[in-house]
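Each remark here refers to the structure printed beneath this line.
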Amino acid sequence: MKALWALLLVPLLTGCLAEGELEVTDQLPGQSNQPWEQALNRFWDYLRWVQTLSDQVQEELQSSQVTQELTVLMEDTMTEVKAYKKELEEQLGPVAEETRARLAKEVQAAQARLGADMEDLRNRLGQYRNEVNTMLGQSTEELRSRLSTHLRKMRKRLMRDADDLQKRLAVYKAGAQEGAERGVSAIRERLGPLVEQGRQRTANLGSGAAQPLRDRAQALSDRIRGRLEEVGNQARDRLEEVRDQMEDVRSKMEEQTQQIRLQAEVFQARLKGWFEPLVEDMQRQWANLMEKIQASVATNSIASTTVPLENQ
């Protein structure tokens, strides 16, 4: 049933994500390449990557693993958002407490909406798996259609809230810049290592999220290759065995043919031995008969000639 869940989920996500790829780019035109934005992109990139695997690897995937990977990516995204927010709070400097509280509240609300969107998406996938498990082989077209519609709505809502959070953080950052004009140089020196660290963390997280699945795909490929080689060796051994059997049959047939030929020659010799004396005896009798007939004819001819002479 887990294999069925993976097979149904992956094609569905393929269609949803393929339709929404351009839409995601259009909804975040002003991306500043912040770590939290990269983490959010990895959340969707992971789903896109799953659908590129072969059917055999998709059958190997367990729904619990997909959920765990999504959970890790969600936590990474929210962690980066909190880290970026904390970084901006440290830069606010002498800003009015009322302004600080208002900005913090707006960012917190946008952050909560984004987290709720990702949590809702993960829960919806789990609910879909449970519904598939209870259908016991029945048609899942209606269920897939409903989930597809829900995922499209969730994608739009997620990108809308991400865009809203991006704008709130931009305002937050603007307030920080206004409140810390005298410390611009120091802030830039601090932001440089943080940005580089975020990029490095992004690269590590990106490769770390996909590496377990790549390892499983490679292991499965090795098993399939080994199985094919084993089947090929068995087929070759069987072919050699059949060839040997055919050679034995051919040898036996040639041997039997030779025996039949010898038996026929012996039988022919026997027949010749039986009939030759009869033929020779018949030839002798025929020759004697012909001699007797010729002698009788000659005697009759002489007798016929003698009688007329006596009458004269």
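Every residue gets a Cβ built from N, Cα and C, even glycine.
Per Swiss-Prot, the listed range annotated as region 'LDL receptor binding' is 150-160 (candidates: 18-28, 40-50, 150-160). Taking DSSP states H, G and I as helix and E and B as strand, the region 'LDL receptor binding' (150-160) has 11 helix, 0 strand, 0 coil. With the fewest other C-beta atoms within 10 Å around its C-beta, Arg227 stands out among the binding-site residues Lys156, Arg227.
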